[in-house]
Amino acid sequence: MILVFCGTPRFAVPSLEHIVRAGHDVRLVVTQPDRPKGRGMGLAFSPVKDAALALNLPVTQPEKIKNNEEFRAQLSAIAPDAIIVVGYGRIIPQWMIDLPPLGNINVHASLLPKYRGAAPIQWAIAMGEAVTGVTTMKIDAGLDTGDMLLQAEMPIAPEDTSESLAPRLAELGAELLVETLARLEGGVIAAVPQNHAEHTLAPILKKEDGQIDFHRSAQEILNRLRGFTPWPGAFTQFRGKGFFIHQARAVAATLEPGELRIEGENLLVGAGHNTALELLEIQLEGKKRMPARDFINGYRPNSADKLGRLSS
């Protein structure tokens, strides 16, 4: 099958590698332009560009695609059977949707119609889901609203973070993509419309999503901590400074939301619905990560201290 592959992040790399390994003819890889990165702000390739070059595939990096006649002519000349889109990061214009006979095939990291949007892995964990998965779908003009082709489930382990779950879903999605293309090529797959009434959203994460609300239950806070690791993390304030929680667990204790209590070497903080957290690893603004016992010894929090948003 003649393909064009559009993708940018690390999540998309296994999909590119798998379709090449399956023998598909990837004529072009489309990825976002090189971006400044690191202290020196030197230009860095996207993970997909690195992978494409390692596979000796041609790469293009248009700044825009919607009204880009040169790019349109380039794709038209290739005449792909399908265009594969995995985390490309740009809205696919209608001309591109209409170009290939088999359509634009997307790998989305959720069990659609749940968690449509840019951060499905993070929000599935943050909302306490025990199972998630991947969906292959045909792209239409909406946001992850196209007809579904195949789905595969994956359990979310209690200790999973978005950082640990993403590589497993990327591999599962790559395998599902190869199966989807084989079935499309053989004409033995039927696209199924989504039940739009059951959709939920997974919007792009903002820094403020990491702000801890201690009126949530301990389990809700833990779910969000796991989902928002590594970014934006889970943070609050202590004595007017930023205070990041990296590891914690729910415990049986009755404290007011945000109230701190020391029990031996254990540091507890109250949460909502008569629940509490034991903080295991924390980080103060401008400092290194530390075990809670080191924080207790160094800062000696007392009954007057609380964790929470600064008052205005």
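Cβ atoms here come from the backbone N, Cα and C positions, even for glycine.
Because the structure is a prediction, the values reported are computed rather than measured.
The secondary structure of S110 ((6S)-5,6,7,8-tetrahydrofolate binding site), as reduced to three states from DSSP, is coil rather than helix or strand. Per Swiss-Prot, (6S)-5,6,7,8-tetrahydrofolate binding site is recorded for S110, L111, L112, P113.
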Greatest C-beta neighbour count within 10 angstroms, which of the binding-site residues L111, L112: L112
Check: same-chain CB within 8 A of (6S)-5,6,7,8-tetrahydrofolate site center, minus S110, L111, L112, P113: H108, K114, Y115, R116, P120, G133, T135, D144, M148, Q151, Q194, H199
For P113 ((6S)-5,6,7,8-tetrahydrofolate binding site), the number of other Cβ atoms found within 10 Å of its own Cβ: 20
